[in-house]
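Following: one structure in structure tokens, then a few remarks.
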Amino acid sequence: MRTLWIMAVLLLGVEGSVIELGKMIFQETGKNPATSYGLYGCNCGPGGRRKPKDATDRCCYVHKCCYKKLTDCDPIKDRYSYSWVNKAIVCGEDNPCLKEMCECDKAVAICFRENLDTYDKKKKINLKLFCKKTSEQC
């Protein structure tokens, strides 16, 4: 159980409601979110935004940009709720910021599914020090 929690915390850099985000990713891709995406490429997991290695890595880049736009809620601490209806994620928050955070997580989960063909197991655990800085803005 402790190992599961540690892996969940690695998932996309401790941001967001980690449990909900992990469930979304699993529901959309069928992959273990922590081991498949927790340290993928240059943008998944802890650290700043870098030049994406592929479309899957770009999903994480865009996710970090989405979180950067949030106001009035804390993606690290705050939690939201969502439901899985007819194989679709439905964000169910009344709080506008929590709803937006849920939408950010929904978008990255769908992005991962849509880019499963670019997923490269060799990039699953990437040393971030070999990642290039990017001048691209969110």
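Using N, Cα and C of the backbone, Cβ positions are placed for all residues, glycine too.
Copied from Swiss-Prot, the annotated features are:
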type     : residues     : note
DISULFID : Cys42-Cys131 : disulfide bond
DISULFID : Cys44-Cys60  : disulfide bond
DISULFID : Cys59-Cys111 : disulfide bond
DISULFID : Cys65-Cys138 : disulfide bond
DISULFID : Cys66-Cys104 : disulfide bond
DISULFID : Cys73-Cys97  : disulfide bond
DISULFID : Cys91-Cys102 : disulfide bond
REGION   : 121-133      : region 'Important for membrane-damaging activities in eukaryotes and bacteria'
SIGNAL   : 1-16         : signal peptide
SITE     : Lys121       : site 'Important residue of the cationic membrane-docking site (MDoS)'
SITE     : Lys124       : site 'Important residue of the cationic membrane-docking site (MDoS)'
SITE     : Leu127       : site 'Hydrophobic membrane-disruption site (MDiS)'
SITE     : Lys128       : site 'Cationic membrane-docking site (MDoS)'
SITE     : Phe130       : site 'Hydrophobic membrane-disruption site (MDiS)'
SITE     : Lys133       : site 'Cationic membrane-docking site (MDoS)'
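A separation of roughly 11 Å, to the nearest angstrom, links the Cα atoms of Cys42 (disulfide bond) and Cys59 (disulfide bond). Proximity note: of the listed recorded positions (Cys44, Cys111, Lys124), none has a CA within 10 Å of the CA of Cys66 (disulfide bond). The recorded sites Lys121, Lys124 differ in how many other CB atoms lie within 10 Å of their CB, and the one with the most is Lys124. Secondary structure at Cys91 (disulfide bond), taken from DSSP and collapsed to helix, strand or coil, is strand. Checked against Lys128 (site 'Cationic membrane-docking site (MDoS)'), the disulfide-bonded residues Cys60, Cys97, Cys104, Cys111, Cys138 differ in C-alpha distance, with Cys60 being the nearest.
Counted over every protein chain shown, other Cβ atoms within 10 Å are most numerous around Cys44 among the disulfide-bonded residues Cys44, Cys91. The shortest Cα-Cα distance from Cys60 (disulfide bond) to any of the disulfide-bonded residues (Cys73, Cys111, Cys131, Cys138) is found for Cys111.
Note on the disulfide-bonded residues Cys59, Cys60, Cys65, Cys73: the fewest other CB atoms within 10 A surround the CB of Cys65. A Cα-Cα distance of 13 Å separates Cys111 (disulfide bond) from Cys44 (disulfide bond).
Taking H, G and I as helix, E and B as strand and the rest as coil, DSSP gives the region 'Important for membrane-damaging activities in eukaryotes and bacteria' (121-133) the counts 6 helix, 1 strand, 6 coil. Closest to Lys121 (site 'Important residue of the cationic membrane-docking site (MDoS)') by Cα-Cα distance, out of the disulfide-bonded residues Cys59, Cys97, Cys138, is Cys59.
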